[in-house]
Amino acid sequence: MLNTGDTIAAIATAIVPEQGSIGIVRLSGSEAVAIARRLFHSPNRQKWQSHRLLYGYIRHPQSQAIIDEALLLLMLAPRSFTREDVVEFHCHGGIMPVQQVLQLCLENGARLAQAGEFSLRAFLNGRIDLTQAESVVDLVGARSPQAAQFALAGLQGKLAQPIRHLRATCLDILAEIEARIDFEEDLPPLDHAAVLHSIEQVFCQVNLILATAERGELLRSGLKVAIVGRPNVGKSSLLNAWSRSDRAIVTDLPGTTRDIVESQLVVAGIPVQVLDTAGIRSASDRVEQIGVERSRQTARSADLVLLTVSAESGWTQEDEEIYRSVSDRRLILVINKIDLANPETVIYPAEIKRVVKLSAAQNQGIEDLEKSLINAVQNQELQAANLDLAINQRQAAALTRAKIALQQVKKTIDQNLPFDFWSIDLRTAIQSLGEITGEEVTESVLDRIFSRFCIGK
């Protein structure tokens, strides 16, 4: 574990050469204000007050050379993110100003912060719990408005509150059980039915929250979608129509697309990486052969395959062969060019359940494609959850452990086993729920969580 008694410093804003207008250097710790007083000089002798901006210059303490014109923000403990004294130098952006100011801070008593160390201190000092800390990372890395919305909900405690309530319920049940173990003769008999009812209520709530795990994974990682098919079925036209751009070259010549063309979209709040692939066919051209092989590899690694065929030519033997090679993937059949031919004449395998008929050239049917895509990746359990939550993999794993433990408690009660057996599994559930908020967590878990943060957070 890091030494939390040190005063730490880091650049808190992204460094963008010649573009960033503002750069922030952040300090946190008992020496933060003292370091700031050595470096910052206000021409009008302004009073140093918490949560007030001061205007002035950052000077080298020995040479008195001006390093930058800046604003200083003090946030004195405990009214700061870390609940320590926090100082921010708001400098000019770019590379040199913030790096020079950071170096001065380090030369005057601060230590360079490690990844996530500001947020770690906020957690250790009780300012935030683990779910809120993880939500900070999610908010910074959000790739869609919906992802940002769920991250903000987590930051506001929307996950921590129900988890704490469930854990408190389990603790109350455990207290009743252990009281019967220690003072059985002095207390009335335990109502088994009431205990079982409470356990089942907790179990149902755990299941509801677990149902948001798939949503969370989609919002954080996004969806990789591969457009595959034989040449000249309109794959590149589909990419262009969907992305509302001319990312891919479109011609009537087979084999025009020879490499993977990518576009980033957001569909119903989910980040989607759309990959237009080379037409799959037997090719004599070496370059085209490489493109075809890349198409097959992309299809195998995609979360969802859009198998694209032409309404003009119908379902061909080539389409059948391509379908058989990707039939084990999550798949949508896209019948393109419906402006040129009747799509009802396309006879495709009956086992294909998700079919979208569109015209990429006429920009028809794109909304239907997006609806089908969302239906393909979101199961009914997720849609039914309807919670303002999107848990991550760590939280889902802990909830799964709690769920298994609660199942075992129910089984133990049904089998009328001694109270000692009830308490063992109930303690496991309590510990697993505590791991989510950080009430019960190991140092190695903390290291793993906060190592994902950028320096300065």
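Every residue, even glycine, has its Cβ placed from backbone N, Cα and C.
Swiss-Prot lists ARG26, ARG127, LYS457 as binding (6S)-5-formyl-5,6,7,8-tetrahydrofolate, and of GLU88, GLU107, GLU435 the one it places in that same site is GLU88. Taking the Cα atom of each, ARG127 ((6S)-5-formyl-5,6,7,8-tetrahydrofolate binding site) and SER236 (Mg(2+) binding site) are about 50 angstrom apart. Here the domain 'TrmE-type G' (222-378) returns a mean pLDDT of 80 for the predicted model.
The secondary structure of ARG127 ((6S)-5-formyl-5,6,7,8-tetrahydrofolate binding site), as reduced to three states from DSSP, is coil rather than helix or strand.
In the three-state DSSP reading, GLU88 ((6S)-5-formyl-5,6,7,8-tetrahydrofolate binding site) counts as strand.
The binding-site residues under consideration are ASN232, SER236. Their Cβ neighbour counts within 10 Å are lowest for ASN232.
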